[in-house]
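Here is what TrEMBL records for this protein:
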| type | residues | note |
| --- | --- | --- |
| REGION | 1-26 | region 'Disordered' |
| BINDING | CYS14, CYS28, CYS31, CYS37 | [4Fe-4S] cluster binding site |
| BINDING | GLY108, LYS109, GLY110, GLY111, VAL112, GLY113, LYS114, SER115 | ATP binding site |
Amino acid sequence: MANGDIPEDANGHCPGTRSDSAGKSDACQGCPNQEACATAPKGPDAGELIPMEAKTAMFGSPELGNQNAVSIASTALQLYDYSLNKKDLVVIAERMANVKHKILVLSGKGGVGKSTFSAQLSFALAAMDFQIGLLDVDICGPSIPKMLGLEGQGIHKSNLGWSPVYVDGNIGVMSIGFLLPGPDEAVIWRGPRKTGLIKNFLKDVYWNELDFLVVDAPPGTSDEQISIVQCLGATGIDGAIIVTTPQQVSLIDVRKEITFCKKVGVKVLGVVENTSGLCQPLMDFKFMRMTETGEHIDISEWVREYLREKAPGLQNLIACSEVFDSSSGGAEKMCREMDVPFLGKVPLDPQLCKAAEEGRSCFIDNKCQLSAPALKIIIEKLIENNGFSRMLHGFFSFGLYVFIQNMAAT
């Protein structure tokens with residue numbers, strides 16, 4: 001269709017999502033997509049629109065290879081800008097004027113625990129009595145509502161703008177997940193529409209005053225990442241935390257993410273190696289015996305009873321196993337090679353996975369006894385290394401909070 005795709009639930013005589021009259025014509029009145037169509041950028045995909053000079057800037061010319069890519073990457077960003085104008089940037093700057101610090105959470109690889117880290121970072125900073133905003137710009141796979149215990153919530157509009165959904169009074173959350181009609185609804189959008197929604201999140205959400213805005217981005221170095229850097233660049237981005245797992249399959253792509261940050265001028269605050277070995281108390285493991293036919297028989301109770309009777313001293317041991325191959329040195333070695341800070345390792349802790357599934361902080365009880373201390377060290381290092389500790393009444397405020405919460409739980 002010349003005017004672009006027509007959504008399945010569109011009104012009759014829909015002009016198409018890429019038409020200049022999308023969301024504005026008489027046929028659009030009352031359509032559930034009207035607002036999204038009216039505000040989204042029009043035209044073909046960004047990839048179809050990028051002129052040759054921009055492609056040369058990003059990827060290098062066939063004649064020169066990619067030697068000119070780094071030097072004119074900022075030019076490529078400017079040429080890519082099809083949905084932002086100066087008025088948009090002014091409005092975004094006004095919205096961000098009351099936000100003291102902006103932190104991006106990125107990864108070149110999907111499934112590394114980036115959203116889990118974003119959620120727990122927000123919980124931790126909120127526990128220090130900071131005012132936190134958590135912006136989920138993973139348009140096609142929004143996990144943040146689930147991980148903050150906010151599934152089924154909706155957002156409201158006021159004369160000040162869209163209102164975030166709040167957790168514990170000092171974590172405001174915004175995600176496309178709050179806009180979808182159901183949890184199984186797929187967002188089948190091309191790049192420009194994603195860019196348009198991210199712009200709207202930054203222009204139209206009333207965050208009030210924030211100490212930190214944490215932006216949870218999808219994996220990669222494309223539309224969403226470029227859009228957020230464009231939109232927030234002039235307002236000052238403190239930097240990016242990059243999450244990876246130890247194996248080369250992840251590190252190969254995470255190296256690209258670090259290169260992206262360097263090209264677009266975003267400081268790498270540090271790298272977190274997540275799922276760095278499976279660790280859990282020995283008595284929490286499930287023990288199986290395999291028969292000659294390959295059948296698995298659960299003998300967990302027998303093993304636990306045996307340990308209690310014959311080797312009680314082993315009951316308090318922590319068992320660890322390497323899940324991913326880290327023989328190449330993992331994230332720590334990569335950080336040395338690429339000259340970026342290494343913040344630390346977080347083990348694969350089934351209790352942390354459960355906390356994420358239940359939408360709760362891993363710091364409020366003793367259940368995440370292996371992952372919570374590792375995350376605490378990483379977050380305290382992040383705060384100290386980047387001068388955020390000046391905002392605290394005392395550097396050990398977070399540790400004191402965790403102690404009080406643990407005492408209350410016992």
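First residue shown is number 1, and so on along the chain.
Cβ coordinates are placed from backbone N, Cα and C, and glycine is handled just like the others.
Annotated features taken from TrEMBL, shown on the structure.
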residue	record	CB count, 10 Å
CYS14	[4Fe-4S] cluster binding site	22
CYS31	[4Fe-4S] cluster binding site	20
CYS37	[4Fe-4S] cluster binding site	26
GLY108	ATP binding site	23
GLY110	ATP binding site	13
GLY111	ATP binding site	12
VAL112	ATP binding site	22
GLY113	ATP binding site	22
LYS114	ATP binding site	25
SER115	ATP binding site	26
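Between LYS114 (ATP binding site) and CYS37 ([4Fe-4S] cluster binding site), the C-alpha separation comes to 30 Å.
What surrounds the ATP site, by Cβ distance within 8 Å of the Cβ centroid and not counting GLY108, LYS109, GLY110, GLY111, VAL112, GLY113, LYS114, SER115, is the set SER107, PRO219, VAL243, THR244, THR245, SER250, ASN274 from the same chain. The Cβ of CYS28 ([4Fe-4S] cluster binding site) lies under 8 Å from the Cβ of ASN11, CYS14, PRO15, SER21, ALA22, GLN34, CYS37, ALA38, each of which sits 6+ residues away along the same chain.
Neighbouring residues of the recorded [4Fe-4S] cluster site, listed in sequence order and excluding CYS14, CYS28, CYS31, CYS37, comprise PRO7, ALA10, ASN11, PRO15, THR17, ALA22, GLY23, SER25, ALA27, ASN33, GLN34 (Cβ within 8 Å of the Cβ centroid). Within 10 Å of the C-beta of LYS109 (ATP binding site) we count 20 further C-beta atoms, all protein chains included.
Comparing VAL112 (ATP binding site) with CYS31 ([4Fe-4S] cluster binding site), their Cα atoms are 38 Å apart once rounded.
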